[in-house]
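Worksheet: one structure, shown below.
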Amino acid sequence: MAAAGRFGLLLLIVLWTMVTVVLPASGEGGWKQSRLGTEAAVMEEERCTVERRAHLTYSEFMQHYAFLKPVILQGLTDNSKFRALCSRENLLASFGDNVVRLSTANTYSYQKVDLPFQEYVEQLLHPQDPESLGNDTLYFFGDNNFTEWAPLFQHYRPPPFRLLGTTPAYSFGIAGAGSGVPFHWHGPGFSEVIYGRKRWFLYPPEKTPEFHPNKTTLAWLLEIYPSLAPSARPLECTIQAGEALYFPDRWWHATLNLDTSVFISTFLG
């Protein structure tokens, strides 16, 4: 519990010490943000209780993970072209005038707001305020116009695994450091980080987590996580750029973007 408390404190300090600036484009695609006078990235905890598997076979996936537990996939696809297209400069040039639909970052995401993609990136894409509620925080994820974004999505190579009777559907998103979606559940799928880092917290369907649906994941991490007994802790891990997390059907999960993050999920509906 002491380690969890230190993690939360470090996260809060790094997120909210000084003024945010966007670093020049590099290996982070121009998305990386920092704060003057602080470390360049949000601290992460080393704890990881989700298996990482490189070059997993379909047989192994079906036998050990598909209906049983999450797994982090490495080395299954090459999305270097898609990643290059997702740089800040390229996305603004290609889709800056497109109207995107933002959702509130709470469990039920009731509120929707439409505005130009460039306005979202330049004015709303900033680190999460720890005092803000999830239902007051706007977040670009999920509601994609597949016709308008098809020139981008056609270059994405999803993990090659499918479940019988399901059809894949993409959900593309970009969010600021410290943002995320609190605990919720839905059908199975994969979530790949293109730029940045995203921390996941997961519970099996039969174990409902303690959380407030309108509070942010950051608030949960600072207020509830440190007091959890070891037996009550979720499975958790930080997904790095180029990795994809598989989550089985109806698993509870919450996410926390440790950097400004670009990500895409493949839902198996």
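Just so you know, glycine gets a Cβ as well, placed from its N, Cα and C.
Predicted, not measured: the structure shown is a model, and the values here were computed from it.
Summarising the annotation, Swiss-Prot assigns signal peptide to 1-24.
Taken from Swiss-Prot, the feature N-linked glycosylation site covers Asn135 (among others), and the record attributes it to sequence analysis.
If you take the C-beta of Asn145 (N-linked glycosylation site) and look for same-chain residues 6 or more apart in sequence within under 8 angstroms, you find Asn98, Val99, Val100. The annotation N-linked glycosylation site is assigned in Swiss-Prot to Asn145 (among others).
Among the features that Swiss-Prot reports, domain 'JmjC' is placed at 147-269, with the record citing sequence analysis.
Residues or ranges marked as N-linked glycosylation site by Swiss-Prot on the basis of sequence analysis: Asn214 (among others).
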Around the Cβ of Asn214 (N-linked glycosylation site), the count of other Cβ atoms that are within 10 Å | 17
Simplified to three states, DSSP reports Asn145 (N-linked glycosylation site) as coil
